[in-house]
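Taken verbatim from TrEMBL:
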- GLY140, GLU141, SER142, GLY143, ALA144, GLY145, LYS146, THR147: ATP binding site (BINDING)
- 47-669: domain 'Myosin motor' (DOMAIN)
- 786-979: domain 'TH1' (DOMAIN)
- 546-568: region 'Actin-binding' (REGION)
Amino acid sequence: MEIEARWMDPQRGRADRPPLEDVLKALAPWLGVLPAGRMEDEDGPEYGKPDFVLLDQLTMEDFMKNLQLRFEKGRIYTYIGEVLVSVNPYQELPLYGPEAIAKYQGRELYERPPHLYAVANAAYKAMKRRSRDTCIVISGESGAGKTEASKHIMQYIAAVTNPSQRAEVERVKDVLLKSTCVLEAFGNARTNRNHNSSRFGKYMDINFDFKGDPVGGHIHSYLLEKALDSDEKNHQAVMEAMRIIGFSPEEVESIHRILAAILHLGNIEFVETEENGPQKGGLAVAEEALVGYVAKLTATPRDLVLRTLLARTVASGGRELIEKGHTVAEASYARDACAKAVYQRLFEWVVDRINGIMEPRGRDPRRDGKDTVIGVLDIYGFEVFPVNSQIGKPDDQANLMMAFLDIEYFNNATIVELVERPHRGILAVLDEACSTAGPITDRIFLQTLDTHHRHHPHYSSRQLCPTDKTMEFGRDFRIKHYAGDVTYSVEGFIDKNRDSLFQDFKRLLYNSSDPTLRAMWPDGQQDITEVTKRPLTAGTLFKNSMVALVENLAAKEPFYVRCIKPNEDKVAGRLDEAHCRHQVAYLGLLENVRVRRAGFASRQPYPRFLLRYKMTCEYTWPNHLLGSDREAVSALLEQHGLQGDVAFGHSKLFIRSPRTLVTLEQSRARLIPIIVLLLQKAWRGTLARWRCRRLRAIYTIMRWFRRHKVRAHLIELQRRFQAARQPPLYGRDLVWPPPPAVLQPFQDTCHVLFSRWRARQLVKNIPPSDMTQIKAKVAAMGALQGLRQDWGCQRAWARDYLSSGTDNPTASHLFAEQLKALREKDGFGTVLFSSHVRKVNRFRKSRDRALLLTDRHLYKLEPGRQYRVMRAVPLDVVTGLSVTSGRDQLVVLHAQGYDDLVVCLHRSQPPLDNRIGELVGMLAAHCQGEGRTLEVRVSDCIPLSQRGARRLISVEPRPEQPEPDFRCNRSAFTLLWPSH
């Protein structure tokens, strides 16, 4: 560890530090780090070059040969530096899924063979490590696999994020993944070249928090091509996706109705009628049932739907309303415009609804930090049509878009100027033609273009080139794009660019009772007489959206995916060289390679380069002491022997070969585990020291606080018990304060000591003659345990009631003689208790008897015969007694080896005097004195045993009963007790 300390110390000079390899050898066994393995083996030369930059000769033939070789070997991905070229295989390949994702996760771009996952990982790492907004631009011909590429990128991002499985992040991921399915259902269509072609441009921003987990998103759509498609979709999958995203059942039902209304609207045909016929304006609907369907599905009045289809309302200069009937052509145009507009509004509403659901929830930049963004751009597909009838259609707009995006590699300024130049550009001339009143035709528009661009090198027409018979007079013009020559037919240009919808349709749909449909037409609330600005044309809208998109992309670090369609027939395993050569040309891939080869494969600012690779050199780790970052980078490259493959700029290092980056990444990957463990060790030690100091402070505070609490409690005890010595209560009513937890045992002991002291103060004033009674009452209270409320505690206990003239006035002298004889015979010392009783025997007969309890025997006496002894039981065999919980005087005495004795104390003065507690207390106190336990049971149903027979005895209160007596049956006894 001395080597480690010297190498990690930034204050030591280079000469004083041990070699880095020695450090690694010293630390690896101790840290349990094995040498880093080789980078995954790359494909051999039989699979071609994984990067077109590595081609020996750069020609179109060499490029196509390498592309075809890799395609035939199942390698559909190839790099151009950091740009990925993807060829659509038209078949499922084992290139995707969790295993492939794990293979690319966390790796550098050149550590693994070319793949979409590598690009997605590079964009994600750049966003997460450097907090930079990034974007992935996917371009190519229709059917080249752009949409599938965007799906795989989304799946990768979803798979590598949210390891803690946060519910909100999982919800956002589900919406991001499922939104593609829904947008495809509404925005894709069958075309000449692709059965599932995207008819709109889609740009999706994914918001990430500081952990790198997606927390929201936003979708931008660009100019949906308004042509309806009747292909069947996977309806069940779309419905499930909409449910997961969060569309309500009512919204889904409304979408179904709107789509059905569009289909019925497109089936409506118009016919001319007689001028004097029933239909106004000489126009009628061929099948009026369709009007009813449309009205029902759009929740609008049928007569208004019919009127809107057959005529339109205009406001004159004096704001007078005039209804103008349509011709068949005008009605058909209005019908088609309405159907397309409804579908476009529906699509825009779906996109807005998804955006509302994906909007980050509860995010506060001051609390959560600024979100970073990864943008995914799936731009329009290119298609080659025999006739291109609009400059603003999505396929050629994609060409224009790529002109914006590829300006770094191609000089498209002259083409952009031809299309966009104010006042004279094609879009400006087209907008002027659309806004000019009067009969402006497509032919006049073409003549204006010929006049403005007669001498432009990239513009031509049949009028300007009469010998070019590939174009027709008065119809066609041609633009020489960087991607090739494209011929356009001007027929329908003006109408398609206007794309106007009569205000009658907007008002009709705004007044629908369907809230979803109504929300799509806010402009329908304008009054017909209200003067409004002319709506922007389709070309202007597209140009504005492209400018905003380019500005958005310019603020992000871009990554590119160029998709290629291998053949026209979508056949797996076949690559049409001529077709692919054309795509390579208009995508500018060959020029891209030339730029990379002429320049450098990678460029990085010196501080960023050092931040990533400084640990691979002993002169730069942990911080260099050289004059500048450039000198430090030079020293690092010299140590690795890579100085010949780089060039030094003013602020950046330019690396020519990707192999240089791979070498540096391998060296870095070997060191990172060791450095991580060293940092973990240092940080854990710091945390342990912090925790130790914190615990010491906590224990000190706790110690002093406990002392304070103890002192305060003792002072409070002293204050409260100052008057405890005052008779006669001796602190009986004093309330003990709640003690601190640490003093609870101490206070419990003090409570016991105080109780004993108070008992002593009370007892020492009691005469000795009363002590026996006091002890008996205490014993009775303990034996009964509060189960019998009334047991004679308040009265004086005489004990020997048979010797009392009050209780036994006629026979007390006889009992005294018998008591004297028994004392002489049995030698007892003290009479514990005596009383008259009513007893019941095993023969179910009840008699009056007397009970005598001495310190030696328990006697049953017969009062009618001078208290003759009928039964004597040694007191040491008496094991317990049972009583009830009421005021009755029933008692059952249990003795070992004898029948249970069942008696009721009676003939007392005053009558029914409560003496059960006295009997229990005297017997219990005596047993305590002898060191044995007397079992006392309190129950309202007492079990007893007499000569092996088990019985139960209970008490039945009777107001009319004059004296206590027993009622018997075979299995139970009942004491009838006078309840008065």
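Positions of Cβ are set from backbone N, Cα and C atoms, glycine also.
TrEMBL entries are annotated by machine, without manual review.
Known features from TrEMBL, placed on the structure.
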residue: GLY140; record: ATP binding site; CB count, 10 Å: 28
residue: GLU141; record: ATP binding site; CB count, 10 Å: 27
residue: SER142; record: ATP binding site; CB count, 10 Å: 23
residue: GLY143; record: ATP binding site; CB count, 10 Å: 25
residue: ALA144; record: ATP binding site; CB count, 10 Å: 25
residue: GLY145; record: ATP binding site; CB count, 10 Å: 25
residue: LYS146; record: ATP binding site; CB count, 10 Å: 27
residue: THR147; record: ATP binding site; CB count, 10 Å: 22
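For the region 'Actin-binding' (546-568), DSSP puts the residue distribution at 9 helix, 8 strand, 6 coil. The average pLDDT for the domain 'TH1' (786-979) in the predicted structure is 92.
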